[in-house]
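A.B. asks: The structure follows.
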Amino acid sequence: MTQDELKRAVAQAAISKVESAIADGEIIGIGTGSTANFFIDLLADYKNDIRGTVASSEASAERLKSHGIEVLELNNAGTLGVYVDGADESNHHLELIKGGGAALTREKIAAAASKEFICIADESKLVDRLGAFPLPIEVIPMARSLVGREVVKLGGNPVYREGVVTDNGNVIIDVYDFMIDVPRKTEETLNNIPGVVTNGLFALRPADVLLLGTPDGVKEMTR
Ligand SMILES: O=C[C@H](O)[C@H](O)[C@H](O)COP(=O)(O)O
């Protein structure tokens, strides 16, 4: 199977998981990225049944609207029934690295606002230890150099993601060669640097369910 076929399979499995939330009139949180895009496209079949969605990026909001799916502001949506999103890496505790597509901050907000977070990914994303994927940090532009220096003190190798501006008007620093032994601690430490909006570790609020696309079918992991 190709990677896209694996992504589509997990997106289909996620649709089965959210059917009851849709039927109950829950608002569905929608992630960002190529795997989330498969989920959005499959969700189009339910556009007349969904009370509303909240998108974690402008790109996902546009894609949802192009299918005729209702998109709400989070401030008007209350608690989300379920949030479905991809990841760049997941460990076996369902702690994640996200933000390869620069949408990490709105994704973290949507995950925090949700009763359940279902992560969808192909099997290449499952790792024993987080950090081979460079860790994204969203940074207020004027703090870029300061945050970079602080990251070096912590042992990371910060690289400015040139030409990328987030939906919130900020910049992204990707941290290479980082030892992430205790993801919750690293998430807190980085978020305490002035100028950091948030970092791409989802360890304080990990996924509740991981649907993993493998050639042998979709595997489900829970915490
Ligand atoms: O900012 C982007 C998001 O965190 C994505 O969920 C993540 O990068 C995974 O994207 P994809 O499904 O394209 O691998």
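In case you wondered, yes, glycine gets a Cβ from its N, Cα and C as well.
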A.B. asks: Of the candidates K17, K65, K115, K125, which does TrEMBL annotate as part of the substrate site that also includes T32, G33, S34, T35, D85, G86, A87, D88, K98, G99, G100, G101?
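C.D. replies: The record-listed residue among the candidates is K125.
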A.B. asks: Cα distance, E107 (active site, proton acceptor) to K98 (substrate binding site), nearest Å?
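C.D. replies: Given the Cα positions, K98 (substrate binding site) is 8 Å from E107 (active site, proton acceptor).
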A.B. asks: Looking only at Cβ atoms, how many others are within 10 Å of the one on S34 (substrate binding site)?
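C.D. replies: S34 (substrate binding site): 14 neighbouring Cβ atoms within 10 Å.
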A.B. asks: At the level of the C-alpha atoms, what whole-angstrom distance separates A87 (substrate binding site) and E107 (active site, proton acceptor)?
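C.D. replies: If we compare the Cα positions of A87 (substrate binding site) and E107 (active site, proton acceptor), the gap is 10 Å.
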A.B. asks: For D85 (substrate binding site), which DSSP three-state class applies?
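C.D. replies: It is in a strand.
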A.B. asks: What's the CA-CA gap between T32 (substrate binding site) and E107 (active site, proton acceptor) in angstrom, rounded?
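C.D. replies: Distance between the two Cα atoms comes out at 8 Å.
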